[in-house]
Amino acid sequence: MSNSSSITHFLLLAFTDKRELQLLHFWLFLGIYLVALLGNGLIITTIACDHHLHTPMYFFLLNLSLLDLSCISTTVPKSMANSLWDTRAISYLECAAQLFFFLFLVVAEFNLLTVMAYDRYVAICKPLHYGTLLGSRACVHMAAAAWGSGFLNALLHTTNTFSLPLCKGNAVDQFFCEIPHILKLSCPDSQLRKLGLMVVGLFVVFGCFVFIVVSYVQIFRAVLRIASEQGRHKTFSTCIPHLAVVSLFVSSGMVDYLKPHSFSSTSLDLFLAVLYAVVPPAVNPLIYSMKNQQLKDAVWKLI
């Protein structure tokens, strides 16, 4: 039996043991990473440089791109390096840092998606109060609250997770360090603390999810009352991308974290982790720019 004081490194889960497939995984992740860098970098630069896009909606989108870029940079480069050098090792401190930053960025992104749902709700349901409720100072405060709550949440969970005694080896059943898979290594007598960690996390996620659902119910009720077909189309063009991003992010993450252990398998865990940790940062820029003509025009103007 080992404990956390004697563990100096962890072993991450490899996608495959075959050298050819390891290199294929490296090139595939490299392509996805470069797409995420290019797409999010373009959105950040475009919004920062075009003064016509200095509005609350695009301010929050800029923050989302920053979070996406940081999030994929937390997990993918290490996995790529391990595949390239045919290793699985990650040091204890690297693992703790990776878990902290991933959780920080994911929670901040979910909070920001909640704020963006509120932005769309005010813009569509209370347009006369938009300038008052979402002034520049209010937008900065809401974005700061999203980042700050992510930081505090990550600090709490990372500290608690790595203070648990680890008795079941150092093999993490995921390609990056993640709370559920670290908790699997902890001693049986830590069940109460593990339950507390999961309850706190679920409370935050459920609260944001309910707020987003209620916001979009109100939005769609208001949209259906719009007489103009052009007005409905314009409204849907700004709401559907956000709803698509929320759906992909939330559904894959909740399935991974809430599925029963009896349904758990290595391949399923890997697939779901890629779906909510790797895919969204790469496809979010495409989703947001595909239906937003103003953003597309600004990107082409920048290019």
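One is the number of the first residue shown, and numbering goes on along the chain from there.
Using N, Cα and C of the backbone, Cβ positions are placed for all residues, glycine too.
Annotated transmembrane segment per TrEMBL: 24-45 (among others), in sequence order.
Summarising the annotation, TrEMBL assigns domain 'G-protein coupled receptors family 1 profile' to 39-288.
Marked as transmembrane segment by TrEMBL: 96-118 (among others).
Taken from TrEMBL, the feature transmembrane segment applies to 138-156 (among others).
Taken from TrEMBL, the feature transmembrane segment covers 195-217 (among others).
Taken from TrEMBL, the feature transmembrane segment covers 238-258 (among others).
Sequence-distant contacts of the transmembrane segment (270-288) (same chain, six or more residues past either end, CB-CB distance under 8 Å): 13, 15, 29, 32-33, 35-36, 39-40, 42-43, 61, 64-65, 68-69, 71-72, 75-76, 102, 106, 174-176, 178, 241-242, 244-245, 248-249, 252-253, 255-256, 295. Residues or ranges marked as transmembrane segment in TrEMBL: 270-288 (among others).
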Inset, instruction - Using a Cβ-Cβ cut-off of under 8 Å, list the residues of the same chain that are 6+ residues beyond the ends of the transmembrane segment (24-45) and lie near it. - result: 15-16, 61-62, 65-66, 68-69, 72-73, 76-77, 79-80, 83-84, 278-279, 281-282, 284-286, 288-289, 295, 299, 302-303
Inset, instruction - Using a Cβ-Cβ cut-off of under 8 Å, list the residues of the same chain that are 6+ residues beyond the ends of the transmembrane segment (138-156) and lie near it. - result: 56, 59-60, 63, 100-101, 103-109, 111-112, 114-115, 118, 200-201, 204
